[in-house]
Structure formats: C-alpha cells, structure tokens
Amino acid sequence: AARNRSEPPLARRPRALAGPVVAPSRAFAARASSRAPAASAIRRASSSGERARDRVDTTSSDASRTRTSDRSDRSFAAVFASAAIAPRRSHPQGGADTSPGSLSPVARLLHVASTAGAGFDPAGNMAAANTAHSVGMIAAWYFSNIGVILLNKYLLSVYGFRFPVFLTTCHMAMCALLSLIVRASGIAPRQSVKNRAHLRKIGVLGVIFVASVVAGNVSLQHIPVSFNQAIGATTPFFTAVLSLCIMRQKETMQVYATLVPIVLGIVVASRAEPLFHLFGFLACVTATFCRALKSVIQGMLLSNESERMDSINLLLYMSPIALSVLSVASTVMEPEAFGVFYDNCAESPRFFFIITLNCVLAFSVNLTNFLVTKCTSPLTLQVLGNAKGAVAVVVSILLFKNPVSVVGMFGYAVTIVGVAWYSSAKKKAPGDRRGKREGVGNSALGGGRMSEKV
C-alpha cells in the first residue's frame, strides 16, 4: 500500500488497466467488512431521510396547489359575482340597475341558476304572484261582464226566450244563494245591518236596482248590444244632473264641459244606428237613468261610514228584496214564463246549461267586482269600466253580425272620449271624493260597487 501510494499516478494507471485486479489484503478486507454495517446504516438513514423529504415536499406541494386552487376558485367566484351584480346599464335615477333584464348573458344565467335553488328572492316572487293574481281577477271581471251581456242578448233576442223579468228573477235567486256561500266561505268580510232604518235604505236601493236591471234586459230584446253600451256610457251625464237636482251638489265647469261630448256622441250614434228601435232606446235610457239615480240615492242614504257595505254584502241583503219584487212582477207581467222555461229545460239540456251559466256569470260580475277593487283600487276599476264597453261592442259585432255604420261608431267614440274626460275631471275636482268611487255603467253602493249587468 505504501508502494502504491508512492508511485506516481501515471505509472499506476496503465498497470491497473492492463493487468488483473489485485485482491486486497486481509487487513483492508477486515476494515472494509467492519465499516460495511455502518455504511449500510448510513445509506439506510440517508434513504429514509430522502423519502421523508420527498413526502414533505409532496405534502407541501399539495398544500400549495390547494391554496392556489382555493385562491383561483375565490377569484373565479369573485369575478362572476361582480359580473352578476354589475349591470350593463345604470338606473335613470342614479345608481346601478340590478334587475335581471339589465344583466349580461352570463350574469343572467347565474341569476336564473341562483333563483332556481334555495337562494331565490321571496319578495320578487311574491310581487310576481300578486301581479298574476290581479291580472287574473281583471280578466275574470271582463269575462263575466261581457259574458252576461252577450248571454242576455242571446237568450232574449236570438233564442227567443222573451221574458226579461223572469230572467232577472233567476239571476237574483242565484245571487242570493251564491252570496250566502261566499260569505260563509270567508272570502268577503261579514257586515251586518245596523238597524231598521239601515234596512229600509237598502230596500230603496234594491227597488231602484230592480228597475234598472229589468229595463236594461228589456232593451236588449229590441236593440243591439253595441247601441245598448253606447247609451249606457251616458251614466255620468245623468249622475251630474241628478246630483245637482237632488243633493244640490255642484260640479266644476270642467266637469260640466265633459258632458257635452257624452251627449253629442250618443245623439250622433242614435241617428246613425241601422237597427234603431224607439221602445228599446227608451228602455235603455230608463235603465241608465235608474243606474245614475241609485248612485245618487246611495250617496245620500248611506252617507254614514258605518252603514257602508262592499258589493258582496250589499248584494246579500238586496237579493231577497229584489227577488220578492221580481217574483210578483214576473207573475203579473209574464204569467206564462215559468211554463215556457220548464218546457225548454225539459226539451233542451243546452238551454238549461246556458241559462245556468248566465245566472252564475251574473253573480260572478259582482264577485269579481269586489275582488278587483280589493286587489287594485276603485279608480283602476273605473278606468277598466271605460274600456269594457268598447270591448263588449267589438265582441258583440263579431258574434251577432249586427250592422254598424261609420257615423255610429264615430258617435260612440266621441262618447267614450267624453267619459274618459269626465273621469279625469272628477279626479281633479277639489274636495270631491265620490268621483273616485263612481263607475261608468256601474254605481258605487255603500263604498263598494255592484254591477247592474244582471
């Protein structure tokens, strides 16, 4: 070994490469064997340390990737949350418009996904439900009003059941029955008659109500629905005149000015009506006059706030009175009506179905009238009533094919414009609260309003 260490490297390298490997000495082998366990232990320890470091590095790397993923997710959510909140346009009054229609497509998708789950907006859903309920009630009110007018015309004129008093009696019987059912169900609040004087006032209104309904049904026997509705639109004229004559209530000059186109339009429509019938015209004018008279009388009789009733409760107490009056009138004026009614029902189930539907719609007019006023306002119902007459005219012309003239339609349009002007003037009149409760073609009964299209 000393010799090998003393030899230069260049001399030792060729011999090591060229000759055979010389076996180590016993001492060297002994020292190497003694060092082997320690070296093995060192290698095992080193290997264990390296594996531990690898595990630590792996765990650290996984934790780092997790933190990075969390940061990325939070950044992703923040970006989309800002996109869902940030609108594409600003509100006209300042600030951000966060309505769904103002969001970007991606944000709108996220809005829909969020509302589809547990995070929906209860207030928004409640507002949508209330709107749908109001629209449904208005549609039902329109259908009931127009349906009962058209069925009255069909039964009294087309079908040939010429007993308007008996038909009105059937309406009152159905209204009395269904009013009890509705009141028992709790849809309408319970209101009671205060005393005998209160009952007498309701009785007076019931008699006037019967006169207006019967006269209106009589007119449908002789004149078309379009002309009937045109005459009925003049109710504000008779209301203003009767208020001045009976209650000494003066209106503003603007309100009186609105009566000119109302009367002028109906005069033009009457002169140009192809199916003009004098008796039918007088009956319809009488019905309109009684309708306005009832509106004025109820304002005078039921002036006390405690005596006011909604349309359902007022109909409940008026129906028996009206039914008793109509039963006597039908027996005297139309003695053969019940026999014809019984024979028609026995021969034609279709007739029984039509007259039953007509009676149900007669009550539905008052029920939907009450519900629409409850979910909107009396003023909204007044505006809807102005448009109802025009819709009824168009539908009746399409169904019954009655001839109309351009001049007649122009006159009716002038009347409708005058009625709309009258409604606006009454709303602006100082100190006039009753004008907001008056209906066109209907009357305000005890704070509520009850239709007379029965």
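For all residues, glycine too, the Cβ spot is worked out from N, Cα and C.
Look at TrEMBL and you will find 30-49 tagged as compositional bias 'Low complexity'.
According to TrEMBL, the feature compositional bias 'Basic and acidic residues' maps to 429-439.
TrEMBL lists 444-454 with the feature compositional bias 'Gly residues'.
As annotated by TrEMBL, domain 'Sugar phosphate transporter' applies to 137-423.
Among the features that TrEMBL reports, region 'Disordered' is placed at 30-71 (among others).
Taken from TrEMBL, the feature region 'Disordered' covers 428-454 (among others).
The feature transmembrane segment is assigned by TrEMBL to 135-155 (among others). Sequence-distant contacts of the transmembrane segment (135-155), counting only residues of its own chain at least 6 positions beyond either end whose CB sits under 8 Å from a CB of the stretch, comprise 161, 167, 217, 220, 224-225, 228-229, 354-355, 357-358, 361-362, 364-365, 367-369, 371-372, 375-376, 381, 384, 388, 391-392, 395-396, 399-400, 451, 453-454.
Among the features that TrEMBL reports, transmembrane segment is placed at 161-182 (among others).
For 202-220 (among others), the entry in TrEMBL reads transmembrane segment. Remote same-chain residues near the transmembrane segment (202-220) are listed as 149, 152-153, 156-157, 164-165, 167-168, 171, 193, 228, 231-232, 280-281, 283-284, 286-288, 290-291, 293-294, 297-298, 301, 314, 317-318, 321-322, 325-326, 329, 445, 450, 452-454 (criterion: CB distance under 8 Å, separation of at least six residues from the stretch ends).
If you look up TrEMBL, you'll see 226-246 (among others) marked as transmembrane segment. Listed as Cβ neighbours of the transmembrane segment (226-246) (distance under 8 Å, sequence separation of 6 or more from its ends, same chain) are residues 149, 216, 219-220, 255-256, 258-259, 262-263, 265-266, 269-270, 273, 275-276, 281, 284-285, 287-289, 291-293, 295-297, 300, 389, 392-393, 396-397, 402, 404, 408, 411-412, 415-416, 419, 422-423, 438, 440-441.
For 253-269 (among others), the entry in TrEMBL reads transmembrane segment. Taking Cβ pairs closer than 8 Å, the transmembrane segment (253-269) reaches residues 227, 230-231, 233-234, 236-237, 240, 407-419, 421-422, 425-426, 428-429 in its own chain, all 6 or more past its ends.
Taken from TrEMBL, the feature transmembrane segment applies to 275-293 (among others). Listed by sequence, the residues of this chain that lie at least six past the ends of the transmembrane segment (275-293) yet keep a Cβ under 8 A from its Cβ atoms are 208-209, 211-213, 215-216, 218-224, 227-228, 231-232, 234-239, 241-242, 402-403, 441-443, 452.
Under the heading transmembrane segment, TrEMBL lists 314-332 (among others).
Residues or ranges marked as transmembrane segment by TrEMBL: 352-372 (among others).
According to TrEMBL, the transmembrane segment annotation covers 379-400 (among others).
Panel annotation: around the transmembrane segment (406-424), residues 226-227, 229-230, 233-234, 236, 255, 258-262, 264-274, 382-383, 386, 389-390, 393, 435, 440 of the same chain, lying at least six beyond its termini, place a Cβ under 8 Å from a Cβ of the stretch. Summarising the annotation, TrEMBL assigns transmembrane segment to 406-424 (among others).
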